[in-house]
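S.K.: Handing you this structure, nothing more for now.
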């Protein structure tokens, strides 16, 4: 029987990004992709990302955090999920700062400017075509040659691409609501140019300090919020000189403040995290896996 049967969990959200947190730091158990899918299945606990806390592997870190999408695939980064992890850990320990290890590297988190806000240092963005990664070489990733629709009248074209520990493509549009992202998102996510698939964002620059955006999240689908996409979009806009290095990002689920810090190129994300409820996993969710 899986260790998850009757195991506790916390259902949270980061400005609408649905997060489930499972703490396995007191065991040596590993969570499988099949178990991650079972949790999100009908009758389970719906989520966009599942944050699994494991024993720390490096001195000075609080936990190794594995991040799953609801299709069972693993993600390197999830900014909204890390804010939820920070809220959970800080509430239990009384700490106001912690360092977590993820597949994307070390992430520092701390209490934000008010009790309901948390800041995550998402590290440095990457722009090289091999780092994102892309299937072919592009010397300048501020825009790449990619379009969907007729050649003479493409529906979307020329995205900016950025890695924030996971691949992002940002399409600049005048109206983020004018496109059927549920139809276009999976086509672009799985485009051959993205060998590891990609998160797809539609973004509109309102002014130098404000961007509106919607995201189709790799492995999760249309989402109310994607923190790493907000970071990637803010960085991409600043690279194009369309915004300053600190911007307010308006997502369907709420707002984030993103700062691309000039001193070290780290990207800082500040936003809310909310606990919805706690519970125990129903063993029947995992019966088919026995």
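In case you wondered, yes, glycine gets a Cβ from its N, Cα and C as well.
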S.K.: Given that Swiss-Prot annotates 17, 49, 79, 80, 166, 199, 217, 218, 227, 228 as binding substrate, state which candidate in 26, 69, 209 belongs to that site as well.
M.R.: 69
S.K.: Excluding 17, 49, 69, 79, 80, 166, 199, 217, 218, 227, 228, please set out which residues of the same chain place their CB within 8 Å of the center of the CB atoms of the substrate site, keeping sequence order.
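M.R.: So the additional residues around the site are 48, 75, 77, 78, 81, 215, 220, 223, 226, 229.
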S.K.: Based on the record's binding annotation for substrate (17, 49, 69, 79, 80, 166, 199, 217, 218, 227, 228), what whole-number value in Å is the widest Cα to Cα distance?
M.R.: 17
S.K.: Using CB atoms and a 10 A radius, I'd like the single residue among the binding-site residues 69, 80, 199, 228 with the highest neighbour count.
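M.R.: Going through 69, 80, 199, 228 one by one, the largest Cβ count within 10 Å is at 80.
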